[in-house]
Amino acid sequence: MLSAIWETEGLQTVGIVMLVFASIKLLHLLGLISFSEDSVEDELELSTVRHRPEGLEQLEAQTRFSRKELQILYRGFKNECPSGVVNEETFKVIYAQFFPQGDASTYAHFLFNAFDTDHNGSVSFEDFVMGLSILLRGSIQEKLNWAFNLYDINKDGYITKEEMLDIMKAIYDMMGKCTYPALREEAPQQHVEVFFQKMDKNKDGVVTIDEFIDCCQNDENIMRSMHLFENVL
Amino acid sequence: MAAGVAAWLPFARAAAIGWMPVASTPMPIPPQEKKKGKDGLIILNVSGTKFQTWRTTLERYPDTLLGSTERDFFFHEETNEYFFDRDPDIFRHILNFYRTGKLHYPRQECISAYDEELAFFGIIPEIIGDCCYEEYKDRRRENAERLQDDEEMDMSNDVTPVNLTPREFLWRAFENPHTSTLALVFYYVTGFFIAISVMANVVETVPCGMLPSRAKELSCGDRYALAFFCLDTACVMIFTVEYLLRLIAAPSRYKFMKSVMSVIDVVAIMPYYIGLVMTDNDQVSGAFVTLRVFRVFRIFKFSRHSAGLRILGYTLKSCASELGFLLFSLTMAIIIFATVMFYAEKGSTASKFTSIPAAFWYTIVTMTTLGYGDMVPKTIVGKVFGSICSLSGVLVIALPVPVIVSNFSRIYHQSQRSEKRRAQRKSRLARIRAAKIRGTNVYMRYKQNGQINSLEEASKEAGKALVAKARSPPFESQHNHLLHCLEKTTNHEFVDEQTFQANCMEISVMNKTGSCASSLSSSPHGLSSCCSRRHRKKSSFSLPSTNNQELSTIQIRERPVANSRSSLNAKLDGTLKCDKPYITPSMVSLSAPVVTTSDGHGSTTTTAYSQSNIVRVSAL
């Protein structure tokens with residue numbers, strides 16, 4: 001009699017255990033829980049994007065680079081990005097190699113957005129070369145335009161203090177920790193204040209494109225530095 | 001670091017325009033771009049394989065050969081390319097380094113060849129990329145071990161026992177038993193006594209028959225107590241002496257006492273001494289019995305005698321983490337299954353699973369697939385979980401075991417390789433020696449032919465059957481000429497081994513008798529020259545040391561020879577008279593017995609050398 005009770009209890013134990021396993025399996029099938037960490041791999045796109053740029057003549061016409069210069073640029077570009085387009089990760093990696101002491105990823109992110117004019121998440125060679133053409137061979141107006149575009153993170157035509165602060169922090173991040181004098185927490189903020197004092201003429205808390213260009217054209221230092229990289233290529 | 005992405009530098013500089021408006025201070029002046037060299041193609045001809053790359057690619061790394069002006073040394077004007085007489089397969093990787101900024105190590109290349117190429121092109125190996133770094137480091141370590149093995153063998157053989165203090169000699173005898181016969185004897189004797197001692201411990205406990213006065217059987221140890229005691233004493237005495245000798249001879253006593261083997265030695269002999277000291281008190285004898293267990297540690301002393309045991313111990317030590325994992329996973333599984341089994345069997349009558357710890361025993365026995373059968377589940381549930389337990393036991397144990405096995409196999413093969421290298425060392429040295437002798441023989445033949453030719457011209461003996469040697473290759477003749485120049489410089493000559501030994505005997509004879517050249521013929525034996533005796537003594541060691549000794553004796557012995565040579569010359573002048581007036585004996589060498597002398601004494605064999613008045617004349 002007693003053993004019968006124990007037998008049924010034992011069978012009940014089995015039943016409960018099997019129920020638990022079955023429910024776990026069901027949840028796994030439904031995708032609510034995952035056991036392995038490598039489900040990330042399944043999400044990778046299997047097709048890599050291949051992009052071929054426009055012909056050399058067209059690019060020559062559109063940009064202010066000579067044929068030879070375009071050739072040199074493309075060779076370097078293709079070396080790092082064999083698929084023909086740069087995505088943000090690769091862009092960050094490449095840019096970070098030039099600034100080993102600090103963290104260049106934030107600034108690279110902003111740069112990427114500035115180059116990616118059609119906002120499709122990747123920078124093709126045309127975008128790259130167009131951007132460089134402006135930066136290296138453009139007029140002052142175009143260069144300042146480009147810089148304004150860089151600072152204006154949400155592309156609404158106004159630079160706010162928050163946007164400027166982000167940019168400034170990104171620039172200071174590239175310096176890293178080991179600087180002289182030692183980097184203080186408030187340095188970016190102070191820098192932003194100085195910038196706004198200079199640029200914001202009507203003190204409305206934002207800087208518009210005209211204010212920006214006006215102010216820069218009146219500043220001798222900035223004018224001189226705009227011509228700094230003319231003969232880079 | 002950024003040289004790999006050097007092509008993007010213009011972009012990074014252009015992007016710096018983004019900082020300009022926010023900068024508060026003026027920017028520094030950019031570096032003057034020196035007139036850009038034409039960004040042309042460079043042709044690199046490496047042993048016939050042509051590589052081409054842009055000039056700027058190479059100039060990314062200016063502190064390497066290809067990136068600096070050092071490559072101008074390799075410029076070949078006729079073909080307008082840079083020619084390197086190196087391995088093109090490895091050069092491929094070096095050029096890839098310039099292109100991609102990452103240095104890769106090809107697995108199929110020899111590590112030393114690769115290192116040499118890197119050194120030649122001025123690239124430091126530390127910049128090998130992560131993908132290949134592990135492999136490179138492993139191979140490098142193996143190579144270093146191999147070199148170290150060779151060096152150790154060299155060093156252990158080169159140190160002559162004459163220079164060792166007795167203490168060092170003793171230590172060396174202990175560590176390498178095959179260096180002297182005494183050490184070998186000691187080695188075998190200790191091994192024998194270890195075996196005897198272990199066997200005595202085992203046999204002691206065997207029941208040996210009954211005494212009529214007692215009811216139960218006696219073990220052999222109790223019956224022949226005195227005999228076993230004497231045996232034990234003898235063994236322990238030997239072990240103690242051995243331990244004390246090792247302690248005395250050890251170069252660093254502290255380090256020796258900390259080592260594993262010495263601990264085992266101490267533990268092996270301690271129980272005896274403690275037993276001696278302790279009285280026959282009943283209370284203490286229980287502890288004494290426990291101490292006797294430690295006598296079994298004597299068997300570990302065999303690890304000095306067996307390399308396999310040492311390897312096993314080393315393997316276990318190096319697999320400590322895998323063993324730890326095995327233990328941990330087993331413990332986890334045991335606890336889980338013991339709990340389940342206990343609760344499953346709780347209901348059955350007269351269940352042996354009285355508690356969870358009691359169920360541990362069942363779980364261990366089941367998981368290791370032993371299955372003694374002293375504890376079996378009776379309920380259905382218990383049987384179900386019992387079967388799951390045994391299945392999982394097989395898996396859990398089978399998983400870490402291959403790791404341990406592969407570790408053991410790797411270490412074992414390594415020791416096999418070093419053993420093989422050690423064995424082949426003798427044949428390797430013999431090969432090297434044979435090559436040296438061949439070279440010497442070539443030179444000897446060259447000299448003979450050279451002398452014979454000049455002699456022939458001088459003496460106009462047309463009928464001599466001379467082996468007109470085929471024209472030796474220019475390299476060989478230049479090499480021989482070089483050796484000849486060296487001989488002239490030092491006023492000594494190269495001889496081969498047998499001649500030299502004969503010389504030794506001759507010279508000792510001459511020194512003893514103090515007479516002139518006429519007494520060159522002497523009994524080769526009898527007068528044991530120090531030279532030959534030293535040679536015999538050295539025969540047990542490696543050959544390079546022998547050669548060293550020989551060379552030094554050459555230098556020592558040459559003085560007396562020179563003196564005797566002058567007397568020989570004087571005698572020769574007299575002998576030669578005016579038959580060959582244009583031969584001026586400038587140097588005489590007691591060598592090359594094949595050459596016939598001017599007065600016709602023919603002796604063509606080395607053995608009969610001592611009987612002949614052999615003089616060779618080398619014309620100036």
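Cβ coordinates come from backbone N, Cα and C, glycine included.
Remember, TrEMBL labels are computer predictions, not curated facts.
Note that the structure is a prediction, hence the values are computed from the model and not measured.
According to TrEMBL, the signal peptide annotation covers B:1-16.
Annotated domain 'BTB' per TrEMBL: B:40-139, in sequence order.
Under 8 Å from some Cβ of the transmembrane segment (B:182-203) lie the Cβ atoms of residues 173-174, 176, 220-221, 228, 231-232, 234-235, 238-239, 242, 295-296, 298-299, 301-302, 305, all in the same chain and six or more residues away from its ends. Residues or ranges marked as transmembrane segment by TrEMBL: B:182-203 (among others).
Per TrEMBL, the feature transmembrane segment maps to B:223-244 (among others).
Among the features that TrEMBL reports, transmembrane segment is placed at B:256-274 (among others). Counting same-chain residues at least six beyond the ends of the transmembrane segment (B:256-274), those with a Cβ under 8 angstroms from any Cβ of the stretch are 232-233, 236, 239-240, 242-243, 246-247, 250, 288, 291-292, 294-295, 297-298, 300-301, 303-304.
What TrEMBL records for B:323-344 (among others) is transmembrane segment.
When Cβ-Cβ distances below 8 Å are used as the criterion, the transmembrane segment (B:356-373) is approached by residues 330, 333-335, 337-339, 341-342, 345, 386, 389-390, 392-394, 396-397 of the same chain, each at least six residues removed from its ends. Summarising the annotation, TrEMBL assigns transmembrane segment to B:356-373 (among others).
Per TrEMBL, the feature transmembrane segment maps to B:385-412 (among others).
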Using DSSP, how many residues in the domain 'BTB' (B:40-139) fall into helix, strand and coil? 46 helix, 20 strand, 34 coil
Please give the sequence-distant neighbours of the transmembrane segment (B:323-344): residues at least 6 beyond its ends with Cβ less than 8 Å from one of its Cβ atoms. 316, 353, 355-360, 362-364, 366-367, 377, 379, 381-382, 385-386, 388-389, 392-393, 396-397, 399-401, 404
Same-chain residues near the transmembrane segment (B:223-244), Cβ under 8 Å, at least 6 residues beyond its ends: 186, 189-190, 193-194, 196-197, 200, 204, 208-209, 211, 262, 265-266, 268-269, 272-273, 298, 301
